[in-house]
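**Student:** Could you have a look at this structure, given as structure tokens, before my questions?
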Amino acid sequence: MSSPAEFYNSLPPISKAYGTLCLVTTTLATLKLLPIYYIALIYEQVFFRLQVWRLLTNFIFLGPFSINFGIRLLMILRYGVQLENGPFNRRTADFLWMMIFGSSTLLVLAAIPFFESYFLGVSLVFMLLYVWSREFPNANINIYGLVQLKAFYLPWAMLALDVIFGSPIAPDLCGILAGHLYYFLTVLHPLAGGRNILQTPMWLRKMVAKYKIGALVYTQTQPAGNTGGVFRGRSYRVGG
């Protein structure tokens, strides 16, 4: 069995960095060292006082220490890590671009009154869950030892649980919308014969290579063949 340090060091870079930032932020907020007001997404402060850091910092707060916080952090460590080590293996720039696109989409959605939120970290984690469920649609998931279902339905099951426990569903819906938009533009639309209009920009690839973030070798994705139906996911070929 690996030690906690070995487990932490084995995590892929983007998921590790995001999970660490979320944990550190909640710790600082709990110790009263970081007033969460100064990292919240408040558009009036962004546009009229040029506090542009709020566009980023609102994503790294998942709430105070609680069961819900633990669940969200575990979702990063499971679904984010499985994505980064699986479909996005040796494609660190693409995974980072997915996070950037998802965050940008969520910022737009947050401007809509129904989806308005001061912190979009939960929505970003839910977006990771949704993309994971599409990439691993046939994986068997056991929820609290009571219900077993295919991973394809997991986001909707988690949303239903939030409804049952009285948690707001807007963050979950935002994550689903952002995740589906990303998956549609990068997988479903190209599979239908369209062009991938969400290619990872070259400047991001160069930045990842320059700072040696993750694996440096990029491999082209190969969509799965015509398997039909929604339980499709993608397949990947390494080595060109």
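Keep in mind that glycine also has a Cβ here, set from the backbone N, Cα and C atoms.
A TrEMBL annotation is a machine prediction, not a hand-curated record.
The following feature annotations were taken from TrEMBL:
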TRANSMEM  17-43  transmembrane segment
TRANSMEM  55-77  transmembrane segment
TRANSMEM  97-130  transmembrane segment
TRANSMEM  151-169  transmembrane segment
TRANSMEM  181-198  transmembrane segment
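Can you tell me where each of these features sits in the structure?
**Tutor:** Residues 11, 51, 53-55, 57-58, 60-65, 69, 72-73, 76-77, 80, 99, 107, 110-111, 117-121 of the same chain lie 6 or more positions beyond the ends of the transmembrane segment (17-43) yet place their CB under 8 Å from a CB of it.
Long-range contacts of the transmembrane segment (55-77) within the same chain: residues 11, 15, 18-19, 21-23, 25-26, 29-30, 36, 38-41, 46, 103, 107, 118-122, 124-126, 128-129, 167, each at least 6 residues beyond the stretch ends and with a Cβ under 8 Å from a Cβ of the stretch.
Remote same-chain partners of the transmembrane segment (151-169), defined as residues 6 or more beyond its termini with a Cβ less than 8 Å from a stretch Cβ, comprise 68, 126, 129-130, 132-134, 136-141, 143, 175-176, 179, 230-231.
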**Student:** For the transmembrane segment (97-130), give me same-chain residues lying six or more residues beyond its boundaries with a C-beta closer than 8 angstroms to one of its C-beta atoms, as numbers and ranges.
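**Tutor:** 14, 18, 22, 36, 40-43, 55, 58-63, 72, 75-76, 79-80, 83, 88, 154-155, 158, 170-183, 186, 198, 200-201, 204.
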